[in-house]
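According to TrEMBL, the protein carries these features:
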- 1-225: domain 'G-protein coupled receptors family 1 profile' (DOMAIN)
- 7-26: transmembrane segment (TRANSMEM)
- 32-56: transmembrane segment (TRANSMEM)
- 68-88: transmembrane segment (TRANSMEM)
- 120-140: transmembrane segment (TRANSMEM)
- 161-189: transmembrane segment (TRANSMEM)
- 201-221: transmembrane segment (TRANSMEM)
Amino acid sequence: MPLTLHFYLLGYISPASPIYCTWWTAFEYTSFVSSAFLLAAISVQRHMLIFNGPFLKKPWMRTLLHDLPLILCLIYPVLFYLFAIILYPCDGTQWDYTNNGCGFADCYFAFDKVLGTFDMLVNSATPVIIDITANVILIIRVARQKRRLQQSVAWRQQRRMILQLFCLSGLFFVAWMPGVIIMLVQMLYDPMFLLEIQMDYLFDLIDVEYVFLPWVSLAFFPELNKWMKKVFSCRPAINQVGTSRQQQLDSKPVRVVNHSAMN
């Protein structure tokens with residue numbers, strides 16, 4: 001995101017060098033694929049946590065089915081793009097210094113259709129599809145369990161969790177899937193297919209994901225929302241001393257003295 005803002009501030013890539021573009025795209029792809037795989041893994045693991053919780057109490061099962069997949073989701077993208085982008089033999093003449101992300105014109109996209117197609121299908125499309133599918137199935141399973149067991153309290157807690165995952169999945173889907181589909185068509189059939197729309201809109205749509213992601217995450221923490229409302233809606237305290245004193249005086253009984261009786 002900072003590199004994109006720097007590009008829009010200047011209107012061109014600076015510094016206009018192959019090294020800068022190489023590391024930019026490597027960081028961009030690694031960040032997305034890591035996030036996509038983590039979200040897909042968490043969506044699948046959520047099934048085990050809800051329906052097979054005791055199964056994960058064993059340390060070796062928790063390490064195998066919970067910890068290890070998350071670690072692989074972080075390591076695999078780094079290694080893949082290290083070889084596919086940074087170490088890939090390329091002269092650097094394909095970069096476009098007038099477009100965001102240097103046109104995302106990595107050499108393996110331009111000269112290696114097998115590797116480029118693998119990247120689009122396995123690293124970009126597959127985790128998003130797994131994520132959406134896992135969340136839809138989870139909603140169906142939880143709804144069936146609720147109907148069978150009539151657990152209204154547990155359903156409210158699970159509904160918040162499912163809605164959060166579904167919103168995150170939808171955000172990833174909207175931000176990335178249009179670009180992934182167009183890039184697949186460009187690599188397999190027509191290199192000029194919707195190229196202008198891709199450069200002007202779809203690459204920017206990816207950055208919109210990072211703008212909305214924190215707000216989508218914060219929306220499902222009610223305690224944090226209450227705290228933020230309390231902080232940002234602070235009002236100066238009203239001095240109630242005079243009012244309280246007046247109320248005390250008004251509440252005291254009035255004693256009427258009969259002077260004629262005293263005389």
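Cβ atoms here come from the backbone N, Cα and C positions, even for glycine.
By the Cβ criterion (distance under 8 Å, sequence gap of 6 or more), the transmembrane segment (7-26) is counted as touching the transmembrane segment (68-88), at least 3 such pairs being found. The listed stretches are 68-88, 161-189, 201-221; of these, 68-88 has the most Cβ pairs under 8 Å to the transmembrane segment (32-56). Counting same-chain residues at least six beyond the ends of the transmembrane segment (201-221), those with a Cβ under 8 angstroms from any Cβ of the stretch are 1, 4, 28, 32, 99-101, 104, 160-161, 163-164, 167-168, 171-172, 174-176, 178-179, 182, 228.
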